[in-house]
Amino acid sequence: MLQQFENHIRKNFPFLKEKRLLVTVSGGIDSMVLLYLCHQLQLNFAAAHCNFQLRGDESDGDEQFVRTLCQELHIPVFVEKFVTEAFAAQHKLSIQVVARKLRYDWFETILQNHDYDYILTAHHLDDSLETFLINFTRGTGLDGLTGIPEQNDKIIRPLLIFSREEIITFAKENKVPWREDSSNATDKYLRNKLRHQIIPALKELNSGLLQSFEKTTEHLKQAQSLVDDASLIVFQNIVEEADNQLKINIQELIRYKNHNAYIYQWLKPMGFTDWTAVYDLIDAQSGKQVFSDTHVVLKDRNHLIVYPIQQVEETVYLIKQNQADVKVPLKMTFCKAEAVSVQTTNTIFVDEAKLQFPLQVRKWQEGDVFYPLGMNGKKKVSKFFKDEKTALPDKLNTWLLCSENQIVWIIGKRADDRFKITNQTTSILQIQLQE
């Protein structure tokens, strides 16, 4: 197995020989074998152990075991204790989800703070099969049926070519020490139930189950590659990318027989799960929205618009008198003008004497009112957006330039009539939004 591991690294991950690696070590048999193999190959690595404090003295015993072994082998080790249960209760998440988040956030912190390049985990072929079955039973797309990937950016899983049985045999033959996790014996968790009940039954039907699984996932990965290629071609034809959002042309989209499949491919990375609701947006009324934890997809007339969920910006930015350049939150210039030239949505001219400094730049709010330039009377900003058919993402990104409590300019859209140039104006201020 050592020779096979070395050949695997040389063939598929030759760059690891020159990198600083972080090997995740729980103390269980899989991670201890990975630690042993990396040590035998004399890779440049440190160990990282998470104590989730979920099993009392047993968790502390695992920590001490890893510390002692690493000290004996002269391997640097990082250890972190987590209050996992409290974090899960506070955020109303499962222990498994929280443990994964805490673990990988911490690993990433070590990489950044201590100049390590990659994280190595001890996932093996049986783990990949279990993941396949979990995704299959819960419902998934093609990518969810390809098992655990060998590499996700900085995370590498070099033991995926080995079965659990091979790892156990190697550990026993080479006297690799390990700790047993009592939680692995219970069928409380779905993964354990699959491991103890379902997979053994499947192996009775097919003794070469793992080999068949490897072949199947390889075919599925090839199919996924074809899907990705086709999806990219359609994406480039009918989707506009601008200002951190996607704009999908519905009329162009529905020309494709499997248009829902394209929507799935494009939106799945953004965390959407209620696919029926997403697909129904095609025929929904304008303004209908579907949310994921991080993104919104909005039906806006003839388009589906996808953009990140943004926290309401409450910061007010001040602009002093005679300040020529503003860089935050928008790039704007202020300069005196001898006369008024062409006024556009990005350039306005105002009567400087009517301004009260410092000016303020803030996000618009419900109830805001202004006097549109060239019109008699006032109008709510929300009504202005409606009349202009402004899409929701654009509304969320709109800033106001204000003098005291009065709107001077809906920046990039419309100036206020109260600050316009008149025959009595003695000082003209030109304000320009820089693209």
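We number each residue from 1, going along the chain as drawn.
Just so you know, glycine gets a Cβ as well, placed from its N, Cα and C.
Taken from TrEMBL, the feature transmembrane segment covers 21-37. Sequence-distant neighbours of the transmembrane segment (21-37) (same chain, 6+ residues past either end, Cβ-Cβ under 8 Å): 1-2, 5, 43-50, 62-63, 65-66, 69-70, 75, 77-78, 103, 107, 110-111, 116-124, 158-159, 164, 167-168, 170-171, 174, 176-181, 184.
Sequence annotations record features per position, and here TrEMBL assigns ATP binding site to Ser26, Gly27, Gly28, Ile29, Asp30, Ser31. Contacts of Gly28 (ATP binding site) defined by a Cβ separation under 8 A and a same-chain sequence distance of 6+ are given as Ala122, Trp178, Arg179, Glu180, Asp181, Asn184, in order along the sequence.
Annotation comment: TrEMBL describes 359-431 as domain 'Lysidine-tRNA(Ile) synthetase C-terminal'.
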Three-class DSSP secondary structure - Asp30 (ATP binding site): helix
Under 8 Å by Cβ from Ser31 (ATP binding site), same chain, sequence gap 6 or more: Val23, Thr24, Val25, Thr121, Ala122
Cβ neighbours of Asp30 (ATP binding site) where a neighbour is any other Cβ within 10 Å: 22
Residues in the domain 'Lysidine-tRNA(Ile) synthetase C-terminal' (359-431) grouped by DSSP into helix, strand and remaining coil: 15 helix, 27 strand, 31 coil
Under 8 Å by Cβ from Ser26 (ATP binding site), same chain, sequence gap 6 or more: His49, Cys50, Asp62, Val66, Ala122, Arg179, Asp181
